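Report on one structure; see the data block that follows.
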Amino acid sequence: MADRAAQLKALIDAASTHEAQVQAAANQDDALTQAIAAAENLMNAVKLTVDPNERKLLTKRFNVVADVARSIKDNTWSPPKPSALISLGNRTEASNDQVNNADAAGNLPSHSEQGADGPSKQAANVVNPVHQAFDTTSPTQHKTSGMKVGPQATFKLFESSDSTTSRVYLAPYLPADNYEDAMRPDQSPNTSWPQVGPAVQDDLNARFAHVALKEAPAQPKTSVSHVRTLREPLSSRKRAVKEEIILLKASLVNGIKCPPWDKIPSSDEFALHLTGVFTQLNDLTLSAQQQKYFVGWVRAQDAVPRRDTGAVDKPVMSSSQPMDLVQDAATDCSVVASLCAAVARHERGYEKILSTKLYPFDRNLGKPIISSNGKYIVRLNFNGCWRKVTIDDRLPISDTRALHVVDRRQPALLWPALLEKAYLTIRGGYDFPGSNSCSDLWALTGWIPEQIHLQETDIVPDQLWRRLYKAFTFGDVLATLGTGPMTSRQERELGLEGQHSYVILDLKETESGRLLLVKNPWVEGRGWLGPRPSTEDLDVLSTDRRYPTTFWIGLEQVIRHFESLYLNWNPGLFRYRQDIHFEWSVGESSGEENRGIVSHPQFLFRSQEASQVWFLLSRHFRPTYGDSKEESDAFNDGSIQSNSAVNASDDVPKGYMSIFVCPGKGNRLYIKDTCLERSDYMTTPQCLLRWDTVTNSAFTVVIDQDELPASTYTFTLSAFCNSKIELEPAIPKYPMSKTVIGEWTQQTAGGSTGSGEYFRNPQYSLQLKNRGRVAILLTSNDKKNALHAKLTLGYGKRIHRLHSRDVLADTGDHRARCVFTESNDLEPGLYTIVCSLFEAEQTGEYTLRVDSTEEVILNLIPRDGAGLLLNRLAPVCFRPVVNEVIAPIYPRRLASYTIVVRYLRATTPRPSGEVPTSRSPVRFSVEYGWGPGRRFVITSEHGQYSDAATIRTEAVDIDPELYPGAAMNLVLDRLSGPGGPVEEWYNVDVYTDVPQAYEIGVWRDRV
């Protein structure tokens, strides 16, 4: 024990020393090093101590130092003046008046905010960043210390005095005329402070990777009045005209026009005497289950449910008690869970993020108000931007069931039902089967969605908890859960609903484990029946659990029995954002196995500094024509189906999306070859990729898909980062392009280079007028065809022989769907491209694309013998002892002759004889005359012997008048036989350009 105490004291003393050196550091690096060292010593002390109270104080002290380290890292830093240094043993205290005066000078909030929907936010205390953890001053006292962070900004440190898990934030003194600019457009200056405290949780974990970010056991209620509202970043890039058109076209969803949000609605829009009672054009559809109980559409003043007393309440827009939203006869569990998640965050003390989206809105009261004409406008985030959704206040009612979301504690609360109606308006109606909560919250709040598949093998519970817990503590993440398909027995035994959404209301760490407070939003739903927290933990977790559908469950049980964890992250965690909107026509041939990506959307991305960037891909809801909702992206986005589940209801498949980051320097790429990072393929309308970028380097971001139905889609790609970033369309590497479509037929499918019929394959003449670079892309829709292409020095003519020295570029191994090659320096001239398959006689269509830096001409070379008359002679046989055979030819007319000799087979008359695999070198010629005076009119392969499977002569004109008499012969000879009783057989084809140009006799041996 003595050793433990001595070691603990040494760690605390070392931490104090480093804390003091932070204040006296000469530069930013030294200050950051000392802050990290202090944090390490404090966390080691937390692990070593056995006193719960001491652990709590050390944990608070560690959190303070960690936040100071963050502020040093994220801001321009300069050494404090001597007068601003705080000695290790002294602490300057200020009275309440002094603090309030300082707050007023700096335009900082120093008053209580009493919102209509939640608890008040008390003025924050000013504290010493180093020694606050051991402060025993009364909570009513305020302590202050100044700290310079850069030449122009003075910061004060604020902390809640009644928080068990203390957090310190640096709030700058901003001039009055500039402070308003630092706020969100829809936030008061009293509720939005520029962020210099904790930012992205992953970044903090990376810096303190060896420190276990574990808080002391939390109390049931924790004040978070010290946590400031983060300013959401806005995209600063100028949209192209095409992007503006995309956003305008995307305004039509399910027959309803939802224009981009441009301004806060005027109060005149909701005035009864100016517009009369407002009624939207079409009523929303109801599910078959809802139709059983449906009575009619009723205005809000008559639609709110009765209390247990039977009295009819008037609709209200706020409640004095905690909300308990539930669904009854509705299928939109993900929507209700989303509403619950955002409401629970506000009830933990954070700012409102839902009710502020509903208009008319009273800024003085901080809540929506009742519309006198029954018209409401809701601000929702979908199809690339914030949009205006207009609804009336009519709600579907029933005598026995609730057909819309309702607050169990205050049934007259109206704004959740209106928000639900607005969202279901764009999703297709009250019969919406549900999506996933992170997609719903993306539309409702604009917070960045992320889906974590809990059943993946790479899930590490400790890492997942650390990442989630601290962000949840700061109110920077909304969390929901989703179950997968379950059998009836599993549902009964576990108390869970299959394919259902749940909301996480709270997270706690106890001595015995990590616990989540989970709520089933279905009013008739089950409660958790699996392993429960210990009795000691339940005593600490004194949560109001009036209904069994709200329960505490351990993290391990969540990972085991839930399929997905849905997270929505505060976009204010990032300082910079860029959006780009684009259109993509997806064809039938697209898919994950297709390596070709040249037609895929691609973008240049560059970050000014090394930082983590989040890419979010959002697929827009397309306009629907007809009555089939299953074809609607908004109604059925594919989220309700498990990745492993069979589509039993014949729903229209929605396909998968993914994001790739490739080292392409921002240039447009052709194939999926090397990628630095990629996201999972997601069926949901949103797809997220988190990636650590490097300083000022350009990368190519590629959008990929698999099994998306052939159609034209529109998307938005957003990049979030804490460094300045650039996001623009990828740069075309080759400005010129030529594309031809062809087909391998029985006559042109020659197979690979190992086949004797290779040169029958389609060939193209490529003419390059100036020196430049060329890229060749060969694609096919047929998955079973293995493709290959070669660029050869064929002078624009059909090649019939191939040497390695003549191959300028090829696509490598045969591959299905897509092959690619490029030549970086090609002289002007004529070249030949050969397109082939691996197997001969295999047919199919293909597309050949040639891109270049200079103008090119691409033409198909006619196949061998095209336009000529073919005469196939009788097969030629070399008997074992014969090396030369001849046949007389008698020219009758002037004609052009091309002669092709093809090896057929080797045979042996012996039943058990072996046939050699090699061929004898042969030569074909047309000779005139006899004996030593004979001369060659035509020869194959320039007179050389060849063991190729096919040999041929070039086209030669033969005029009968130049060769009188009967002294002309076709001659096929070989150097030597294969040995043994083996016969070799050949076909000889004679092509001429005129009919009846000659006569040929029979083959005979010449010995």
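Cβ coordinates come from backbone N, Cα and C, glycine included.
Features of the protein shown, as given by TrEMBL:
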ACT_SITE  Cys333  active site
ACT_SITE  His500  active site
ACT_SITE  Asn520  active site
DOMAIN    294-571  domain 'Calpain catalytic'
REGION    99-122  region 'Disordered'
*Going along the chain, which residues six or more apart from Cys333 (active site) have their CB under 8 A from its CB?*
Gln327, Gly434, His500, Ser501, Pro521, Trp522
*Find, for the listed active-site residues His500, Asn520, the residue with the lowest Cβ contact count at a 10 Å cut-off, counting only other Cβ atoms.*
His500
_Whole-number mean of pLDDT values that fall within the domain 'Calpain catalytic' (294-571)_ = 90
_So, three-state DSSP: helix, strand or coil for His500 (active site)?_
coil
